[in-house]
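Q: Here's a structure for you.
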Amino acid sequence: MPPTPVPATSHPHAHAPGGEPLRLMAVHAHPDDESSKGAATTARYAAEGVEVLVVTCTGGERGDVLNPHYGTVEGGLEGMRAVRRVEMAAAAAALGVRQHWLGFVDSGLPEGDPLPPLPEGCFALVPLEEASAPLVEIVREFRPHVMTTYDPTGGYPHPDHVMCHRVAVEAFAAAGDPERYRGHGEPWTPLKLYYNHGFSLARLRAVHEAILEAGGESPFGDWIESRQAREIPEREVTTHIACSDWFDRRDAALRAHATQIDPEGFFFAVPRAVEVERWPTEEYELAQSRVPTQLPETDLFAGVREALR
Ligand SMILES: [Zn+2]
């Protein structure tokens, strides 16, 4: 069979050899999570012509204003939802990705001892099948080859992050099964599922040390100590994505979430040159794969490109 020519306008690595565009779906709990976890990776793949869809499970309605320079948001949950929709659109534009809301309501981060009950009707209390159905539907519609989400702990102790993991794993397992989620679209089987790594202890240490070596002040010392004290086992890194050329996109996306991100906060505490030199990658853990691949990897589509040949 003669090779199918790739359209001249597209990046040569954005399509499977058969000419079908590659598709990446990043499943996140709240607006802003897509900008703090794996953001530069999505910006890179999008720039290379991969179709990238960020799916946001909740509206982030119960997020507090975390930016001391922002002021207040009026109008309760509705008001916060409206503000965060505008922020999310700007962040998606900065990353060059499409974005889709699942429409669940933020569970909030419960605080206190004992922890208060979760608010009625919130995402984390929705039964798993009911919570997964709209994600299965968008998986069947968008037809991603690769999906990303959080590890089973949520990567961060927020009930919505744990729930986000559960629905993503459920959709990855069930979307290709014609017997499941009937009435929610034609079956589609994604090929790989990854967990985002975010701020690994190794990453924190590397940038912390680099800042100190340069004579700067690092905000990460206490964070590193508390992480070590809690002795949370570090999860395995299987995949490093080189994406430092897109750190400026990530930063613009973070700043777009103006209610959540302090422009003088820790997200921006690492000088760009230090970060590019010491940690130019984002890390992932390959959780499930339906195609053969060799670890460690440097491409989320490793094995997928070959499988689609
Ligand atoms: Zn979140």
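Placement of Cβ uses the backbone N, Cα and C atoms for every residue, glycine included.
A TrEMBL annotation is a machine prediction, not a hand-curated record.
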Q: According to TrEMBL, His30, Asp33 bind Zn(2+); identify which of His145, His161, His165 is listed for that same site.
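A: Candidate listed by TrEMBL for the same site: His161.
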Q: Around the C-beta of Asp33 (Zn(2+) binding site), how many further C-beta atoms are within 10 angstroms, looking at every protein chain?
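A: Around Asp33 (Zn(2+) binding site), other Cβ atoms within 10 Å: 29.
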Q: Which residues, in sequence order, are found in the same chain with Cβ within 8 Å of the centroid defined by the Cβ atoms of His30, Asp33, His161 at the Zn(2+) site, excluding those residues themselves?
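A: Apart from the listed residues, the neighbours are His28, Ala29, Asp32, Lys37, Cys57, Thr58, Tyr150, Tyr156, His158, Asp160, Cys164.
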